[in-house]
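Engineer: Here it is: the structure, laid out below.
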């Protein structure tokens, strides 16, 4: 069949008339640059801030920089096999991690994937890592204690459920030890724990997990790990993942405790990402939003009221408040608490436990400096008996520090000053405590009672530890009912005071230490 020129012309006109111009939004883009875990993508028509972008090989990146003609994203994991020209897709969702009771007793990475070799995790679903913190109306004031098991902390710097208490100090002076002991002390309290390790050596984390297991606390704990060798993106996101896992319990009317070890390394990872994304640097080369990095994380730790829990659980849980208590850790350089990140976190939290190198080196462990350590809201949550007995402890230690410095220059001291110095020395000695040996409320009460009522005056300084060990052994064997009552009620009245006094008088007569 032959077509003449007129027919061909008509056919072309017909085709042109039928042609429709359709604009189609693409959710696929092309990688145009890869370097240091950062990829630059062209062609993504519709992408959210923080959205997960699917990469070749079932990997993901997170969109952080949304620019006019490109998207800057940070790769979650290894990026060596990515190349310019690779196709990527948007997913329409932000990062989510598994949550639920199935995570308790497990060691997971930032994405909630198990890394302990114990098989898959039976989770209750997924939750986004970035959520808005509960509002003022949904919160309840802090009035229940979290016992760390440390005399120095529970007596002078009490922590309440829903509080944010910073642990700050130089490297290698017991910050992690304090936090781990606080977790170990929760094994029978019903408080679920989350330990987030950021930027640490894998061997150090393995040691922590082993210690938790040895002391029976791992079954009650979720360990979230982003080691020093992992991508900066995973180190930056690990605290948010851990927080989401802890919020699962808070929102269902339970109490949980989370340790961020440590936020200095998270800030460094975020600085690295920001500089690679060409964001303008500020003080100490940190980006302008490094305060918001920590504030939006720590504000999620709170005590929520019963209405919030009832609404969240759709009426399944009634009359229960929930809490998420945070113990963020910050590492200082040569005791400089006025650096950028330390001052930021101090201003966000409800108090700080300051550990000092000089105290640690002098043998005082935990090396808590009571002078600049403070708990802004924990006083309302403190156990009654500890609160009543420990009022003079902080004053005695603060005055002792002052007088000890002064006495180095004074040749002769009056009797009152000498008595104050001796009392301060004994209280300082009494505050020493071994690692992995948390004390019950009753044990702490007896020790503080002995110090406050003058029972240590006749004890030699180097025998204080032996005196305390013998006293607690005596009390737990001879006066078990009294100790049980104190542990269960936490009350302090004339009867309990009388019983404590009588039992200490009896013990002092034995001279068995």
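Every residue, even glycine, has its Cβ placed from backbone N, Cα and C.
Note that the structure is predicted; figures quoted are calculated from it, not measured.
Reproduced below are the annotations present in Swiss-Prot:
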- 169, 170, 171, 172, 173, 174, 175, 176: ATP binding site (BINDING)
- 373: site 'Required for activity' (SITE)
Engineer: From the centroid of the CB atoms of 169, 170, 171, 172, 173, 174, 175, 176, the recorded ATP site, which same-chain residues not already listed sit within 8 A by their CB, in sequence order?
Structural biologist: 331, 355, 360
Engineer: Report the member of 171, 175 (the binding-site residues) whose C-beta atom has the most other C-beta atoms within 10 angstroms.
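Structural biologist: That would be 175, with the highest Cβ count within 10 Å.
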Engineer: Same-chain residues six or more away whose CB lies under 8 A from the CB of residue 173 (ATP binding site)?
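Structural biologist: Within the chain, residue 173 (ATP binding site) has Cβ neighbours under 8 Å at 355, 356, 357, 360, 367.
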Engineer: Rounded to a whole angstrom, what is the C-alpha distance between residue 175 (ATP binding site) and residue 373 (site 'Required for activity')?
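Structural biologist: Cα-Cα distance, residue 175 (ATP binding site) to residue 373 (site 'Required for activity'): 14 Å.
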Engineer: If you measure residue 171 (ATP binding site) to residue 373 (site 'Required for activity') at Cα, how many Å is it?
Structural biologist: 18
Engineer: In Å, rounded, how far does the Cα of residue 172 (ATP binding site) sit from the Cα of residue 373 (site 'Required for activity')?
Structural biologist: 18
Engineer: If you skip the near sequence neighbours and keep only those at least six away, which residues in the chain come within under 8 angstroms of residue 176 (ATP binding site), Cβ to Cβ?
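Structural biologist: Once residues fewer than 6 apart are set aside, residue 176 (ATP binding site) is near 208, 261, 329.
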Engineer: What does the structure give for the C-alpha distance between residue 373 (site 'Required for activity') and residue 169 (ATP binding site)? Integer Å is fine.
Structural biologist: 11
Engineer: Within 10 Å of the Cβ of residue 174 (ATP binding site), how many other Cβ atoms can you find? Include all protein chains, please.
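Structural biologist: There are 19 of them.
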Engineer: Taking the Cβ of residue 169 (ATP binding site) as the reference point, list residues of the same chain whose Cβ is under 8 angstroms away and which are at least six residues distant in sequence.
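Structural biologist: Those within reach of residue 169 (ATP binding site), by Cβ under 8 Å and sequence separation of 6 or more, are 175, 331, 332, 335, 354, 355, 356, 357, 367.
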Engineer: With Cβ-Cβ distance below 8 Å and at least 6 positions apart along the chain, what are the contacts of residue 170 (ATP binding site)? List them in sequence order.
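Structural biologist: In sequence order, 331, 332, 333, 334, 335, 355, 357 meet the Cβ cut-off.
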Engineer: Just checking, which of 172, 373 (recorded positions) has the fewest C-beta atoms within 10 Å of its C-beta?
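Structural biologist: Relative to the other recorded positions in 172, 373, 172 has the fewest Cβ atoms within 10 Å.
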Engineer: Give the helix, strand or coil assignment DSSP yields for residue 169 (ATP binding site).
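Structural biologist: DSSP call for residue 169 (ATP binding site): strand.
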